[in-house]
């Protein structure tokens, strides 16, 4: 920890209120007020770290890029359409530099959409920081849901399905992914639910829209869909205290044969994986089934992302890898709920297929 100046000697420890002369180094770096950043000992600082560190995230969220606007999107910038930076924690009017893998580029995003006060919200809705999820026992043990939890999840997933269908009806050339996000947001709120991705670890939108080579978690923006694109829309809603997560990949206008093959194979991978789900099956077997079918089709499986447990937590145990020879631990039991979301790559084609469902 950083040592304080003489003025810091008059401060009180943020944890125990004793006189404090030490300061959180991150708070010093971010130039945050010393009140609330002072501690009397290293032990007090360590003991309060989990409750103190969200202060840094809030400070980062409030920061904005300062580069001047330019290019074709300057009009959008003047209307509060900005590019997303630093995993959602800041904005800039200028296209950020990146080693792009294809022709696709991010476009500016619109302002964050509001959720009415009467809607029940997850604990990250206000400040972008999940509190319960990271430290839950269900990150290490697979929860067996009660009949009440299962029924609430069925209700929630029905809402999510209706929301995803509403998004699908929007997909055509010329429509922006931001417009799709608007429909998702409005349909979710109209059902009395909260769009789970909104402000989750500062994610700025109510759904994920991943176009062509974007594997997953794409941010809806001002880019217009083009004839020949493929787009995955990933929707999660929070209703009656539980989450329902599902996604599908859609064709935009007329797509080439390689794209059709990719999406069809991904759908078949999901279908084959679902067909083996029952008590006693190993979680690792899901990946074996998916990998086998993708390989037979001349395609490859994305290893960076996996399916996950879901319920009162957005993400929890078990992890469900989609590739072969994985080391996922455990077997399926009645009452467990988890997603299977195979992500498949086409060799030599910069597009990625993604399909997902909740089981």
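Just so it is clear, glycine is given a Cβ too, placed from its N, Cα and C backbone atoms.
Automatic, uncurated: that is what TrEMBL annotation is.
Features of the protein shown, as given by TrEMBL:
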- 217, 315: protein binding site (BINDING)
- 234, 245: Zn(2+) 3 binding site (BINDING)
- 245, 308, 341: Zn(2+) 4 binding site (BINDING)
- 10-63: domain 'C6H2-type' (DOMAIN)
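A gap of 10 Å separates the Cα atoms of residue 245 (Zn(2+) 3 binding site) and residue 315 (protein binding site). For the pair formed by residue 341 (Zn(2+) 4 binding site) and residue 217 (protein binding site), distance between Cα atoms is given as 12 Å, rounded to the nearest Å. When DSSP labels each residue, the domain 'C6H2-type' (10-63) comes out as 25 helix, 8 strand, 21 coil, counted as helix, strand and coil in that order.
Separation of the C-alpha atoms of residue 217 (protein binding site) and residue 234 (Zn(2+) 3 binding site): 8 Å, rounded to the nearest whole number.
Neighbours of residue 308 (Zn(2+) 4 binding site), defined as other CB atoms within 10 A of its CB across all chains, total 18.
For residue 341 (Zn(2+) 4 binding site), other Cβ atoms within 10 Å of its Cβ number 26. A simple way to gauge crowding: the CB of residue 217 (protein binding site) has 14 other CB atoms within 10 angstroms, across all the protein chains here. Recorded residues residue 315 (protein binding site) and residue 308 (Zn(2+) 4 binding site) have their alpha carbons 6 Å apart, per Cα-Cα distance.
Counting Cβ atoms from all protein chains shown, residue 234 (Zn(2+) 3 binding site) has 23 others lying within 10 Å of its own Cβ.
Cα to Cα, residue 234 (Zn(2+) 3 binding site) and residue 308 (Zn(2+) 4 binding site) are separated by 14 Å. Around the Cβ of residue 245 (Zn(2+) 3 binding site), a 10 Å sphere holds 25 further Cβ atoms from the protein chains shown.
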